[in-house]
Structures are given as structure tokens and as C-alpha cells.
């Protein structure tokens, strides 16, 4: 986890060379401003193996970002352009992956034009305070990684590197952060510079010391926050290396998948459709929304869900017939929503509880809208009740009949309507790509450090 | 429904003869007081076919009721003693069933010693006001009978005859009562003498005009109250004779019982045990309580109930093997609790939602109390969740294992622990006694006049 002295030296040398090279290119192009190394590499808080450098090209406010982007394109022969709020360049430079990001140099972080303009302020704030605490940050980041809460991307909803650094500054050490977080409750607020700014609704509020209106922990979900807090408590009581380096879950082989199904005896349904060609942070919120819509559809149909999960698998699915690449899309992978139901089949008779019997008009309309009940109408607990014939007895029939009509998010809806596949129960064994088999292994164990 | 002139004359003649005979016996025994015909027969509000007479022997306050009881025993050779608050005699006199009830003559109904002492006051109050409205009362009683809400015994929880009479006095006519009840809401209060006495919690409050502290409608349940109100509304819109004389439901034959099971595809479980040798008004509340306890037991086990019902069947059950009288008791009949479940079988995996993750001590204890979960612990919605192996997968296994340990009421618990029988699904076809087959026919149709 902690980089070796050689690794550190090598990173420092590469970072120095790339900054010099970009500054040379800027002078040649006649661009004012500066190139600056930001992020964990800049402050010695990067984890071994993460060979990523972040270089920002700052230009004066009011000028164009385009010349800086031109420069970024010239840094390395092997590069691609990517887009966040603005275009930036992802290049391969001496074996390191480097993000080269044009941004504006503003006076104060509260006056930024784009989110990336804030990064140099973060870098300066942390650099000035983290000296001597680098190892504490490294421990914390690796701990967060190990317990599955590291990363502020929407897929994870965990802690960003900057947030981890601020926590170490706040609590003074790795163990200090664990002790502090052990006592967290929802709505916990941390305000390093005593900005006492406007309130946030988020589970954890860490006021950005360089931009008081912003919550650094805005992307952290309630569940990740307390997965961390619970793991902290458990580690303080029973420390072990496993918190930092949990065993890898290998893809679940057929035999173990069969065993898990037999052990649970629930009904698993897998819904699979092509992922749209968009970045993760756009797709994941829609995927979670789709998961919720599908759950709600099944619950409206009378089915109880034990749990569900969703993921994006890039791998080309390999099927039972041995022919690879038969998934809905071979290009950008598939989205998968896994639903675990108590039962696959409901009885035909379905109870419908109507309005109170004394609401004459409502009661009349309710009875009229169920013209041929199996039983009823009768009055129970003061309400009009009828028992009618259920339309869909099987959960999969509801899905097949109605999933395409659901509101699934702007990009996922059209994608699903172009085609999807449903696997029920043992049919899930047909899905063989390793990413799915790791996903389902993790689903079955679903073990967090709580205790 | 309305007695014929001949029937009326005969009743009047018999009533006259029995009163004279009792008065003669009283004189002979040297008892002061008076014999008085009370109830519907006294005021011409009895339904044809109900050949019941109520004669009260009133003795002065402070004297003993025993001499009056002695007299009652001498009225007819064929009689049995029964017990309500006090002993009374049920005798057969010239083809009529006569209840002969000793009671105290008190000054004011609020000073009564036993509930029966109130009856002469009721009789006097109604007699003085019902002249000319007898047919309206008859219509109302038959209507209530037809829609299944007539009778204040606990098994029915409906309207007593006295309550029906008071409603006619209040609203002026049969149709007036229907119109008035159409607008009832829970907590409706009727106070004929403007006593504005203390409040009651009951769904319908009819202040007893002769005893303002008492609610005449105390035994009426919310559901029976609004079954009547809903039927009233429907009758006013679409009157028909069927409200008064609904078709009899014949015992459900095997073929139709099989069809109903196939149509519903739910899981029916029947629990059967011997009835204790006690009166209906003691047994029924305990039976309803037992029904609720069994429901709660199954629901704690994860099973969803569609509906349930319970009844007391006097008939000796006849079984599949053709041998009669093999039920739990041949003497006083059997109690039956019918439970309709969505499913018979639940998955092995069971979700247990624990305390919020930030309640450290609770969370720790919760995790420790589930040492070998199938999945988890994990945090969802801020709470600690584990998935464990369910103990009982079949509803009937829960019943067999735990029903005897339930709190089932003072007399029903011991009775059930002496022996019970459980029928599941198609096994219900083995239960052949006509009372059960009528009960289940009514359960399946369960149609009230609502619309």
C-alpha cells in the first residue's frame, strides 16, 4: 500500500519531467498561466500501484481554455480526449496515466467557473497541512478501499481522496479518524475552518475549507458512511490486516452457484440489457433508478423482494452454448439488475382493500370497479374489501409484460426497449462471464465489517 | 316475516295463559311482585317463526330471587335451567319456548342489581312509543337478519331487537332508519332523551333512554355497523326482496370445494379442536382471540394471510373413511379456525432488519445474535441487515410446533392442548359435516350488500 522509495522517486522524476515539458509547450504556444501537479501524487498520499498523475494547466480568468487543451494534446503521442464538465486529455507518459486538465486560475475557490478550477485550491490547502501525516492518509485510504467505501464516483458513493485527507487533518491520525467516525450519527458536521455555512441535508457534511458553500462529502451515501463507521469500530476492537486487504472473491463456479441457490431457495431474476455508450457517472444513477422502478413494479404486483442489486459489466458475456459475444451488446457491455424474490408464484386470489365503508361515493366506485370478484365485497376493519383474480401470477410475467413501459431514466429506457433478456432461477447459470460471477459471489456473501 | 293474524292471536292467548298461571303460582307461594311479558312478543315486534316468549318475574328489591326461581321451575314439566348473570328457566309451554327470568323490581333502571332487572324498563319505554310502528320494526329486524347483522350475541356482534326498536323510534320508520344509517360515521351518537351522558368509545353510541350510562349498541362491531349502513344505502338505490331473504347457501359439495381451491390457488389451513362445554358468549370471544393469536404466529413466521375465520360447529364430524363421530369431541362440537395464506412455503433465506448502524451497542448485539448468517451483516437504509436460515419453511410446521404454546384464552388453551387436528389444502375435503361445508361456502362467497 505504501509506495516504495524507488516508486516515490520514479513518480517524482516523471512528474517533474511532465511539468517541465508542459511549461515548455505553453511558452512555445504563448500561453500565460502555470502547470501544476495536483492530487495525491503531488502530496505523497497516493497508494502504491495507482500510477495516476493529475496535471492542471491553469490559464487566467477571461481567456480561452482551448489553447491549453491544444497543449495538452501535444504532451504524449498516446492520448484520448475525455469529457467531464470540460474536455481534458488522458495521456500515457512514461508508463504513467496522466490526466491533463485545462482550468482557470481564479482568486478564490468560491469564484470558480468549472469544478476543476477548485482542484488547485484543494491541492494547496492540503499540501500546507498534510506534512508528516502522509502515512496516516495512506493507511486511511487503504482501509477505506479494503472495506469498500473508497471512491466518490456514483457507482460507489464513498469517500474521495480529498475527503480522506481532510478527515486526517481534522482527527490528526488514521486511528483518530477511526475513533472519530465510530461516534458519527447521520447529519454529522465537520467544519475545519469554522465557516458555519449553510446547512446540508447530506448524511455527512464536511464543509469545503476553500469553498464553504460546498459539502466535500456530498457524494457519500448513508450506507457507505456507516459501513465505514462500523468497520472503524470493529477494527479498533479487533484489528486485522483483512480490513485493508480483504480476500479477493473469485468468479463463482457453476457448482457453488447451484449450491447458493439451493441454500437460499428464493427466486432470483436477472434482467439484462445493453449499456448505453456513456460514462459511468451518467449511467449509474439511471441504473439505480431503473432498479428501484423494477422493484416497485414487482411490489405493486404483490411480490416481496428480499434484496436487489445492479451492475455494469463490460465483459462480453459467454453463454452456455459456448458461443461468445451473444449479449445484447458487444461494445459497451451490459447492465444487469438482479432481483431476489421470496416466491416466484403468487395465488390467483388477490385481496384489494378499498376505502372506508362510510365514504359512500368512494365505496360505490370501488365496488363498481371490481365487477366480478372471487369473494366480496365485504367490510373488514371498516374498509370495503374485495378479492379478485390476480392478473400476473408469476413475477417474470409482470416483467416481460411491463418492464419496457417503465420510466427507466433518459438513456436506459431506450436501451432496454431495443432488447433485453430475463433469466429466472437456475437459468442464471447460463450467464458465465467472470464479471457477473464475481458480482453474484459478492451478492451472496454481502458481508460488511459490522459487529 | 310479519306474523299472520292467527299466529298473533295464538301468541297472545298463550302469553295470557302463562302470565295467569305464573301469577297463580306466585300467590300460592306467597311471593310479592309481578309477572310481566317483555321483549318483542310483548310489543308486537316479533318476527314470524320466532316462537319465543320472555316472562320476567319481578320481586321487590332486598328479597331473594330463589322463591321466584322455584316458581319458574313449576311452570312447565319440560324445562332446563340456564345461566346468564343469574339462573333462569327455559321451558316448553304449549309449543312455545319461554324464558322465565327472576329479576328485581327497582325504582330506576340506573339502580339495577342485575342486567335482567333493566329489561322491564326497556319493555315499558318501547311499549309506550312503538304503537303504530310495529310493522316498521318487523321490516327492520328482517332486513337486519337478511344482511347478517341481527343479534347482539358476541358471535354476531350485530343489532339487538331493543336497538332496532330504538332506531325506529328515533328515525320514525323503516326507511327512515335506512336513510339515517346511510349517513353514519364511526362514533355516531343517538340520544333519544337528550341525556348527553358520558362519552363511549364504541363505533355507534345509542344512549339507553332508561339508563343513560349504558350504550345500547355496545356489542355492535364497526364492521357489522357499516355492513348495515352500506346495505341500507344499496337498498334505497336498488330495493329487492333479497335483502330480507337472501338465498340459503347449501353445504359445499366436494366438486365445488375443489373448484374453489383451484380458482383461488391460495393455501388453506384448518385448525380443529374440541369446544369446551360453555355458552357461546363465553366461547366466542376466546375463539376470536385464538384466531388472532394463530394469525400473529404465522405472520411472525413470515407468512401473509389473505383472510381467516372461525366458527363453532355442533355437528359430529363425518370423515372420509365413512366412520362418523371421529372428531376431537362428540359432545359439544368442534371449534374451527380457517386460515388462508398467500403461500404454503417460504424460501430458506430470511431477511432480518436490525438497529441503525450508529447505535453501536445494539448493532453489536444484533450481529452477535446471528453468528452464522447466509449473507451479511451489511448496512441498508442505515440499518444493519442479516440474512439467516429460516427455521420453519412451511406454515403448517409452525402451527404443529407452536400452536399449543400460544395464549388462546382461559378455556380454549387447555382444550386445544388436549388434542387438535390440522388440515392443509386439499385435505380440507376430508371435513364433511354440513355445518363446516356451509361455513366454507359462506367463506368463499363472503358477499355483503355493499355498492
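Here the Cβ of each residue, glycine as well, is placed from N, Cα and C on the backbone.
If you look up TrEMBL, you'll see B:40, B:43, B:122, B:141, B:150 marked as CTP binding site. The secondary structure of residue B:122 (CTP binding site), as reduced to three states from DSSP, is helical.
Counting only residues at least six positions away in the same chain, the Cβ atoms of B:123, B:126, B:127, B:130, B:134, B:165 sit under 8 Å from the Cβ of residue B:43 (CTP binding site). Taken residue by residue with DSSP, residue B:43 (CTP binding site) is part of neither helix nor strand, so it is coil. Annotation source TrEMBL lists ATP binding site at B:40, B:43, B:122, B:141, B:150.
Within the same chain, residues at least six positions away from residue B:52 (Mg(2+) binding site) with a Cβ under 8 Å of its Cβ are B:39, B:41, B:46, B:96, B:97, B:98, B:99. Annotation note: residue B:52 (Mg(2+) binding site) sits in a strand segment as assigned by DSSP. According to TrEMBL, the Mg(2+) binding site annotation covers B:52, B:54, B:99.
Summarised as a single figure, the pLDDT of the domain 'Polymerase nucleotidyl transferase' (B:23-122) averages 85. According to TrEMBL, the feature domain 'Polymerase nucleotidyl transferase' maps to B:23-122.
Marked as domain 'tRNA nucleotidyltransferase substrate binding' by TrEMBL: B:135-245.
The annotation domain 'CCA-adding enzyme C-terminal' is assigned in TrEMBL to B:266-310 (among others). Long-range contacts of the domain 'CCA-adding enzyme C-terminal' (B:266-310) within its own chain (CB-CB distance under 8 A, at least 6 residues past either end) are made by residues 83, 153-155, 317, 327-329, 331-344, 346, 350, 390, 392, 395-396, 398-399, 402-403, 406-412, 414-416, 418-425, 427-428, 431, 439, 443, 446.
Taken through DSSP, the domain 'CCA-adding enzyme C-terminal' (B:337-425) splits into 27 helix, 33 strand, 29 coil. Taken from TrEMBL, the feature domain 'CCA-adding enzyme C-terminal' applies to B:337-425 (among others).
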Contact call for the domain 'tRNA nucleotidyltransferase substrate binding' (B:135-245) and the domain 'Polymerase nucleotidyl transferase' (B:23-122): at least 3 Cβ pairs under 8 Å, seq gap 6+: yes
Distance from residue B:54 (Mg(2+) binding site) back to residue B:122 (CTP binding site), taken between C-alpha atoms, in Å: 13
Tertiary neighbours of residue B:40 (CTP binding site) (same chain, Cβ under 8 Å, six or more apart): B:46, B:47, B:50, B:137, B:141, B:161
Between residue B:150 (CTP binding site) and residue B:54 (Mg(2+) binding site), the C-alpha gap once rounded to whole angstrom: 18
Among the ATP-binding set B:40, B:43, B:122, B:141, B:150, as the record gives it, the longest Cα-Cα distance in Å: 18
Secondary structure tally of the domain 'tRNA nucleotidyltransferase substrate binding' (B:135-245) (DSSP, helix then strand then coil): 51 helix, 15 strand, 45 coil
